[in-house]
Amino acid sequence: MGSLAKIVAVAAVLAALVAGGSCGPPKVPPGPNITTNYNGKWLPAKATWYGQPNGAGPDDNGGACGIKNVNLPPYNGFTACGNPPIFKDGKGCGSCYEIRCNKPECSGQPVTVFITDMNYEPIAPYHFDLSGKAFGAMAKPGLNDKLRHYGIFDLEFRRVRCKYQGGQKIVFHVEKGSNPNYLAMLVKFVADDGDIVLMELKEKSSDWKPMKLSWGAIWRMDTPKALVPPFSIRLTSESGKKVIAQDVIPVNWKPDTVYNSNVQF
């Protein structure tokens, strides 16, 4: 076979592979969105892990929810990237799940993880890409590293209510770049459902106005007219519960600043 014929033959083979979708494992469509149906039923999923073996996942201890320092309390590195029906375009940020595995190295005891990041690997209807610490925590004592050597395996999961120790209240972080005409806030440490489906803002002497979900757990308000502080925030959880953080953002608010509320679900 001449060189030109060889090139044509190779090109034909490559085209057939691409057309037939033969590159890589088959894609699995995502399952239905996980809701606040706390019925205790365990569901099947795939588990992987990333980052440092005993780390919180991302090297910057952050993630697609916008939450930072997930290696520190109250998350303590027990975090996970959820695939689309778990992450839900950011509306799953902060939700909590129990996970357990049944390998010989597994303890069989459930481990609770917080959703702080996303993954779009189409390997299963439900997929948890766990921090190394959370993955290893499913093991029997002393077998953490051996369990992590699997890299990927089947597990069971169920959604649970989020619980924070020590009377932790909801916290708001006014994001960098915020100004009187653009206000962006990260909300974190939400108990019970853990996630928020609606965030509303009330200026001084005004009515409630809905904010827009910007990305992850960050909500924003854009307005041509300067916002007048102090700002109250009303949160609605996935199950419809509401709390109001009255005047939580003060008159002299600043961007890139944390404001603690005195409310919790």
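The backbone N, Cα and C atoms fix where each Cβ goes, and this holds for glycine too.
Remember, it's a predicted structure, so these values are computed and weren't measured experimentally.
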From Cys81, Cys93, Cys96, partner that Swiss-Prot gives for the disulfide involving Cys162: Cys96
Cys101 - recorded disulfide partner, Swiss-Prot, among Cys93, Cys106: Cys106
Whichever of Cys65, Cys81 is disulfide-bonded to Cys93 when Swiss-Prot is consulted: Cys65
The annotated region 'Immunodominant T cell epitope' range in Swiss-Prot, which must be one of 3-22, 123-142: 123-142
Local backbone state of Asn33 (N-linked glycosylation site), from DSSP in three classes: coil
Three-class DSSP secondary structure - Cys106 (disulfide bond): strand
Distance, Cys106 (disulfide bond) to Cys93 (disulfide bond) (CA atoms, angstrom): 27
Closest of Cys65, Cys96, Cys101 to Asn33 (N-linked glycosylation site), Cα positions, disulfide-bonded residues only: Cys96
